[in-house]
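Heads up, here are the entries from TrEMBL:
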{"type": "BINDING", "residues": "A:C172, A:C179, A:C182, A:C188", "note": "[4Fe-4S] cluster binding site"}
{"type": "DOMAIN", "residues": "A:23-170", "note": "domain 'HhH-GPD'"}
Amino acid sequence: MYPDAHCELDFTTPLELLVATILSAQCTDRRVNKVTPVLFARYRSAADYASANQEELENIIRSTGFYRTKARNIIALGQRLCDEHGGEVPDRLEDLVKLPGVGRKTANVVLGNAFGVPGLTVDTHFGRLVRRFGMTRQTDPVKVEQEIAALFPPEEWTMLSHRLIWHGRRVCHARRPACGACELQHLCPSYGEGPVDEETARRLVRTGPFS
DNA sequence: ATCCCGAGGG
DNA sequence: CCCTCTGGAT
């Protein structure tokens with residue numbers, strides 16, 4: 001079944017989780033966890049990141065991909081945390097998403113796992129899964145969040161997000177969902193139908209047949 | 001070769 | 001809406 005943890009990243013402080021989550025964009029948590037021990041030993045505070053040498057930081061995080069963008073963002077992030085938040089990671093969504101390199105996905109991961117603030121993390125997997133499962137027909141992530149939030153108690157939101165994302169990554173793929181390997185096949189209205197959600201279908205028309 | 005547990009920008 | 005940024009896993 002699914003891992004019980006809400007988060008597979010290794011961290012001990014909100015700042016560590018925030019940085020690790022930024023690194024995890026388009027990259028597996030396993031790879032992130034390989035660089036964070038070195039990273040966190042070298043940079044221990046927002047001020048450390050603010051004064052980091054761009055090239056040195058790039059070299060440490062290179063293997064996580066998009067390293068130039070990420071290094072720039074993390075340095076700017078350190079500066080902003082020092083300038084506007086007393087060197088601390090803010091615990092409100094509105095503040096988090098204003099930070100460089102931090103979008104809804106990253107902000108919600110930090111809120112849920114570092115601060116215990118309930119929130120749904122609607123990424124591409126989450127949206128696709130709840131659509132296939134017939135729980136909503138919305139494509140706009142904000143509307144998806146609203147509709148799904150109404151179906152579950154807040155204390156389950158962080159765990160729910162993690163599980164759906166995890167399942168989408170490993171089983172319920174966009175193109176060729178592994179319906180045969182899915183524990184939920186007998187409950188799923190889209191079982192065996194292939195890429196049924198509109199977004200994916202539209203992409204397939206553009207990029208060619210999926211089989 | 002192809003895809004990725006995102007974000008920023010045109 | 002579309003594109004770009006990157007290395008690594010498969």
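Backbone N, Cα and C define each Cβ position, glycine as well.
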Which is it, of A:C172, A:C179, A:C182, A:C188: the one of these binding-site residues whose Cβ has the most other Cβ atoms within 10 Å?
A:C172
Please report the three-state DSSP label of A:C172 ([4Fe-4S] cluster binding site).
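Looking at the DSSP assignment, A:C172 ([4Fe-4S] cluster binding site) belongs to neither helix nor strand, so coil.
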Translate the DSSP assignment of A:C188 ([4Fe-4S] cluster binding site) into the three-state scheme.
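Coil, per DSSP.
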Does DSSP give A:C182 ([4Fe-4S] cluster binding site) helix, strand or coil?
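DSSP call for A:C182 ([4Fe-4S] cluster binding site): coil, neither helix nor strand.
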Can you check how the pLDDT averages out over the domain 'HhH-GPD' (A:23-170)?
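The average pLDDT of the model in the domain 'HhH-GPD' (A:23-170) works out to 94.
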Name them in sequence order: residues not among A:C172, A:C179, A:C182, A:C188 whose Cβ is within 8 Å of the mean position of the Cβ atoms defining the [4Fe-4S] cluster site.
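For the [4Fe-4S] cluster site, the extra neighbours are A:R132, A:V171, A:P177, A:A178, A:L184, A:Q185, A:S190, A:Y191.
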